[in-house]
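Below is one structure, written out as structure tokens, with a few remarks after it.
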Amino acid sequence: MDVFWYSLVGVLLAGYLALESIDFGVGMLLPFSGDEASRARMRRLVVPLFLANEVWLVACVGLLFGALPVLEGALLQALRLPVLALVCAWLLRDAALWFRQAHPGSGWRRVWDSVLPVSSFVLAAGWGAVLGAMVRGLSTRAGGHPVVDPIDLVHPLPLVCAASAVAACLCQGALFAARGLPADGTAARRAARLNRVASPVVLGLLVLVGGVAAAVVDAPARVAAVAGGAALCVAGSILLARAGRATPALVLGSAPLWALPLLVGVAHGTTVLATRSGAGDLTLGEAVADGESLWLLSVTVLPVLVAVVAVQWWFWRVFARVRPAVAAA
Amino acid sequence: MDVVDLARLQFAVTATLHFLFVAFTLGMVTVVAVLQTRALRTSDPTERAARMRRVRFWGGLYVINYALGIVSGLTQEFQFGMNWSGLSHVLGNVVGAPMAVETVVAFFLESTFLGLWAFGFGRVSARTHLLLIWGVALTAYASTFWIMVVNGFLQKPVGYAMHDGVARVTDWSALLTNGATWYALLHLTGVVALLAGVVMCAVSSYHLRHGRDLDFFRPALVHGSRLAGAGAVVTAGAGMVHLETLEEYQPEKYAVVMGESGAGLERAQEAARAAYGPGDWLPPAWVGVASVLMLLLGLVLLVLVWLPAKAGRAEGASTGRFRLRLPMVLLPMTIVALVCGWLSREVGRQPWMVTGELTVRDAIGDVSAGGMLASLIAFTLVLGGLSVVNFSLIAHYARQGPDGGLLGDDDLFPDAGPRDDSRPGGDPAPDETARVTSY
Ligand code: HDD
Ligand code: HEM
Ligand code: HEM
């Protein structure tokens with residue numbers, strides 16, 4: 001049962017990363033989309049969606065607090081500075097999407113047009129680096145507490161994880177733009193070309209992630225298998241995109257993102273907060289809430305999660321429709 | 001300032017900002033839901049269009065505000081882990097689950113509903129669109145309930161037992177029926193109605209003073225004033241009852257809040273020492289000032305918020321000059337009372353994190369003063385900056401009047417479609433395909 005709650009937290013994080021890969025990608029691509037009209041159109045593609053996407057992380061942290069309270073405290077404290085940067089980037093990203101069009105001034109738009117790509121990049125790279133550092137295992141502070149040192153974030157593993165996350169988000173953003181913009185426009189053509197060029201790069205980076213991770217963790221076979229599986233998904237995504245089937249291509253293309261939490265899981269099993277030295281490790285048994293609390297969560301949270309997934313499905317159907325011109329092509 | 005003071009200051013700044021947005025969100029969503037229900041109750045297309053115009057205007061202000069409600073809520077959620085890991089170590093079993101229920105049950109659903117509503121004008125059927133705004137309202141109140149369960153527990157811990165320094169819940173029903181939660185909730189329900197009503201008055205009277213959109217803003221002024229009046233009655237009534245019960249479960253707070261001095265305070269201090277051992281168990285004396293200010297403002301508001309209504313009914317606007325200026329004073333008074341209320345509740349809990357169980361000092365995580373200062377500065381700058389942007393935008397759209405409203409702005413709400421208020425929510429227009437391709 002404990003494993004169930006831990007996995008559910010992981011699934012919510014994976015869902016967040018997979019869905020937001022599109023928003024991060026579109027955000028990063030905004031400066032390259034040409035004139036004001038195309039930038040406004042790019043933003044429109046994700047504006048109705050990002051709110052429903054980001055709440056997956058809200059739910060993830062909430063459930064973490066409810067089901068694994070000790071892990072929540074230890075983890076957020078160990079990752080305090082990167083989390084601070086990520087939360088600030090998140091707030092600014094949201095503001096840029098909400099507020100860009102709320103005022104007619106061109107200076108006003110210029111400000112948000114630079115905030116959006118920078119914050120989207122920080123989010124994509126930051127999540128990649130933080131999760132990469134967790135796959136490798138954290139450092140240990142003097143008192144035996146786990147902590148992520150700035151130096152932990154520039155080790156090759158977090159770096160390739162960050163690079164593959166950014167590249168994968170760019171691919172997703174480009175594919176989503178190509179799918180949603182008028183098919184005959186230059187913007188859509190350019191986005192489709194970017195997706196074609198960048199997808200093989202993602203594939204290469206995933207192979208690197210698998211190789212580096214296998215070299216530094218205790219479970220090389222399992223991490224290599226996850227990275228390999230993600231690479232297969234990306235290969236599938238490339239083929240589907242070539243065949244003009246953008247929606248399933250997007251689903252498979254999110255693999256490099258959801259693979260990151262999965263890598264943390266398979267690398268350390270039930271050691272939910274792992275350090276390289278082993279001092280300060282936290283096991284699932286120590287971290288999980290007691291039965292009364294889990295009972296409350298089972299009767300309230302589980303049914304609602306099912307309902308939310310259904311409502312979100314509806315949401316995507318209403319707001320992420322392919323433009324008819326593209327559907328016909 | 002040591003690390004504890006910095007963490008407290010950070011919490012105070014972010015929570016107060018969060019609550020300012022949240023209070024307006026809660027009040028306004030109710031107003032919008034009622035307005036939209038009224039719009040759907042009529043089948044006369046012109047009347048329906050007129051009523052939907054109100055939904056778009058107030059809903060537009062609500063939606064701008066909602067953005068900052070979310071953004072500031074995110075900092076709240078993360079700082080529990082970042083700064084107060086002692087809380088999750090000792091009390092994770094108790095406060096973690098309600099907080100999880102809040103985020104999943106309430107926000108996860110709420111934000112999804114809100115997105116569907118805000119972007120769904122003209123996209124989903126009128127009936128579904130109405131259900132969506134009621135869904136948003138219900139989940140917003142549900143989230144308030146769950147967060148107040150946690151806050152009530154901090155004030156008056158019930159239904160738990162300590163094992164090896166870790167708290168475990170023994171009785172959920174005691175937690176869910178905690179008086180410290182329910183009196184505060186009732187009080188807050190009044191507060192949010194009061195705030196929404198006063199904001200409606202302030203915006204309406206601005207336009208009436210300038211002689212614009214009289215037909216739109218006269219009834220709004222009357223409704224706002226009455227809503228504020230009803231809110232003030234509930235606020236004061238619930239507050240009085242609340243005050244009575246405080247004496248029983250937080251006697252030290254009660255003594256300070258009631259402005260006792262000398263012997264009275266000494267007696268409270270002695271009683272606390274008998275219970276908890278040697279030490280200073282009284283909250284800082286200035287909390288008394290905040291409480292008295294809230295009380296006084298509450299009584300003044302109880303009388304004054306009814307007055308603007310009359311100017312909304314008067315035909316000659318000149319007779320109502322005073323009444324039309326009054327809301328500009330009532331609004332800051334309400335906001336000050338609201339902040340003072342939280343100061344007295346939360347600072348009045350000092351030095352406890354959880355009354356009688358865990359002190360604030362023991363709840364802090366193992367964080368360096370530099371790290372704490374960094375997060376305090378970062379959050380204050382980002383949230384403060386965004387709040388300024390947000391308040392200016394609300395003021396901007398409020399001044400624009402009914403047709404400048406955000407929900408009428410096709411640009412911000414790309415899928416809202418061209419304005420056609422005879423179809424609230426509206427079944428997709430026959431020419432929809434044509435419209436969609438024109439992007
Ligand atoms: C009395 C009501 C109330 C109180 C005391 C709090 N909140 Fe809040 N919060 C709300 C009422 C609310 C709300 C009205 O439900 C909001 C505003 C906008 C929204 O989306 O929900 C919200 C938003 C909001 C969000 C964003 C959710 C989203 O993405 O949709 C989070 C994560 C939190 N809050 C978390 C907290 C935490 C950790 C609090 C503890 C101090 C807290 N809130 C106090
Ligand atoms: C949104 C409404 C709230 C407001 C406006 C608010 C306000 C405040 C203020 C002003 C302080 C500073 C007290 C001091 O430093 O002496 C504070 C502290 C704190 N409050 Fe609240 N509070 C709110 C809700 C909550 C809730 C729901 C919780 C718990 C779930 C909570 C937990 C805390 C904690 C952990 C601190 C820091 C420790 C302390 O100083 O006691 N607050 N809050
Ligand atoms: C005659 C009027 C009022 C009375 C008797 C009253 C009484 C109280 C009491 C007893 C508390 C609880 C303190 C605690 O639990 O430690 C409280 C809290 C609070 N008050 Fe008031 N109050 C009044 C007016 C107002 C007004 C006008 C506002 C705002 C517009 C307001 C906003 C708050 C808030 C936000 C809180 C903190 C949350 C809560 O405990 O509900 N109050 N008030």
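Our numbering is plain: 1 for the first residue shown, then up by one each step along the chain.
Just so it is clear, glycine is given a Cβ too, placed from its N, Cα and C backbone atoms.
Heads up, TrEMBL stuff is auto-annotated, nobody curated it.
What TrEMBL lists as transmembrane segment is A:6-33, A:45-68, A:74-93, A:114-135, A:155-177, A:197-217, A:223-243, A:255-274, A:294-316.
Sequence-distant contacts of the transmembrane segment (A:45-68) (same chain, six or more residues past either end, CB-CB distance under 8 Å): 5-6, 8-9, 12-13, 15-16, 19-20, 22-23, 26-27, 75, 90, 94, 97, 176-177, 180-181, 272, 284, 287-289, 293-294, 297, 301, 305, 308, 312, 315-316, 319-320. Contact between the transmembrane segment (A:155-177) and the transmembrane segment (A:6-33) is present: at least three CB pairs lie under 8 Å, with pairs separated by 6 or more positions in sequence. Remote same-chain partners of the transmembrane segment (A:294-316), defined as residues 6 or more beyond its termini with a Cβ less than 8 Å from a stretch Cβ, comprise 1, 5, 8, 49, 52, 59, 63, 66-67, 288. Tertiary proximity for the transmembrane segment (A:6-33) is limited to same-chain residues at least six positions away from its ends with a CB under 8 Å from its CB atoms, namely 39, 41-43, 45-46, 49-50, 52-54, 56-57, 59-60, 63-64, 67-68, 93, 96-97, 113-114, 116-117, 119-121, 123-124, 127, 165-166, 168-174, 176-177, 187, 190-191, 194, 250, 253-254, 257-258, 260-262, 264-265, 270, 272, 284, 288, 305.
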